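> Before I ask anything, let me first share the structure, which is written out below as structure tokens.
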Amino acid sequence: MGVWDSILRGGGGGGGRRFIKRKDSDAGEAGRALEELRGSLYNEFHTSEGAKRQQQRFCGPSVALTFNFFVAVGIIMANKMVMGTVGFNFPVALSLIHYIAAWVLMAVLKAFYLLPIAPPSKSTPFSSLFALGAVMSFSTGLANISLKHNSVGFYRMAKIAVTPTIVAAEFILFKKKVSLRKVITLAVVSCGVAVATVTDLEFNLFGACVAVAWIIPSAVNKILWSNLQQSGNWTALALMWKTTPITVFFFLVLMPLLDPPGLLSFNWNFQNSSAIIISALFGFLLQWSGALALGATSALAHVVLGQFKTIVIMLSSYLVFNSDPGFTSLCGAIIALGGMSVYTYLGLKESASGGKRAPSTSRQNSHLLKSKVIVDGEKPETRLYTELF
């Protein structure tokens, strides 16, 4: 103790005090750095801006489209088991179960603070969310009626018609134009898919009216999902959380009108219920992956992905299970795949050219963003029910 007192009282006293003060200063700086890190992490995971940045960082276009592709193939197998082996022939009720399961899973994520934060209510009118939830349910419901009253070939022709509908709707609603090369490529893809997959075209007046009525909500559904995520700070899960209750409500209304009777008398044993639960889990993943793909790309890109899935499934049946679609269908599949490859190349080329132009306007955009933040007072940050997206 005497040695320590002599050091503090002697010539080294000032140095000792400076040493202690320096240690206190370092501790204060470390504490402030830790607080800044905690605040940064909180903004990344508990604000809508940070959640969207994380989604864009970890789920780019290639990841989102690949995720959606594999989940779509998985749910086709799961629903084949449910509709075939189990005999659950209530497609609207199955879609309702999918959405209820998704709602429950998202509620669990929310309880553990893992659900991304939604943007402030003033940023997106409730009418937009209500329209999105309603359009989703009508798109699925009308598709099921179309499948019931039309041949598979006529139904597939209606799906192909979604592509030009999206082009026209985006131009009318958002003045969004598509380059001539992309229009020609999309036409080639649609013709190839039609030649490859359309085999029978039985015409039914009521079924045709339903198919035409389905085209518009199907196109609008994809456009709204893509636009809301890209124009605002919505993540896929946050948007699903807000719109799923609306979709469930409309499914409850549509189910007695579209499904055959006998749902309550179905044999709900353990095996059948397990198969339906597995299908519901795939349904949640399909909704999520579809929303991610629409947020990362565009409605048109997602339609092309859907056509790609149809062609891949047909070619897989030919290569793996020795099915014989015919020479004409194979030629159509090759044409469609070629068109899809060109469309992907054009999309990547446009993205690259857009990325090169971005730095020149980044400072202006940053200045505008800061001005907006000050004003707003916020911190800167083989059936359709197997194909919900």
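Backbone N, Cα and C atoms are what each Cβ position is placed from, and that goes for glycine too.
For 66-343, the entry in TrEMBL reads domain 'Sugar phosphate transporter'. Here TrEMBL flags 58-78, 90-114, 126-147, 153-173, 180-199, 205-225, 237-258, 270-288, 300-321, 327-348 as transmembrane segment.
Walk me through the surroundings of each of these features.
Note on the transmembrane segment (180-199): residues 152-153, 156-157, 160, 163-164, 167, 300, 304, 307, 310-311, 314, 325, 328-340, 342-343, 346-347 of its chain, located 6 or more positions outside it, place their CB under 8 angstroms from a CB of the stretch.
Long-range Cβ contacts of the transmembrane segment (205-225) within its own chain (Cβ-Cβ under 8 Å, at least 6 residues beyond either end) map to 128, 131-132, 135-136, 138-139, 142-143, 145-146, 148-150, 154-155, 158, 161-162, 165-166, 169-170, 173, 239, 290-291, 294-295, 299, 302-303, 389.
Remote same-chain residues near the transmembrane segment (270-288) are listed as 68, 71-72, 74-75, 78-79, 81-82, 85-86, 88, 94-95, 97-102, 105, 236-237, 240, 387-389 (criterion: CB distance under 8 Å, separation of at least six residues from the stretch ends).
Residues 61, 65, 68-69, 72-73, 76, 156, 159-160, 162-163, 166-167, 170, 178, 182, 186, 189-190, 192-193, 196-197, 222, 226, 290, 293-294, 329-330, 333, 336-337, 340, 343-344, 347, 382, 387, 389 of the same chain lie 6 or more positions beyond the ends of the transmembrane segment (300-321) yet place their CB under 8 Å from a CB of it.
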> List, by number or range, the same-chain residues at least 6 past the transmembrane segment (126-147) whose CB is under 8 A from its CB atoms?
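Apart from its flanks, the transmembrane segment (126-147) reaches 91-92, 95, 155, 158, 207, 210-211, 213-214, 217-218, 220-221, 224-225, 228, 239, 242-247, 249-251, 254, 258, 383-385, 388.
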> Restricting to the domain 'Sugar phosphate transporter' (66-343), what is the model's mean pLDDT?
86
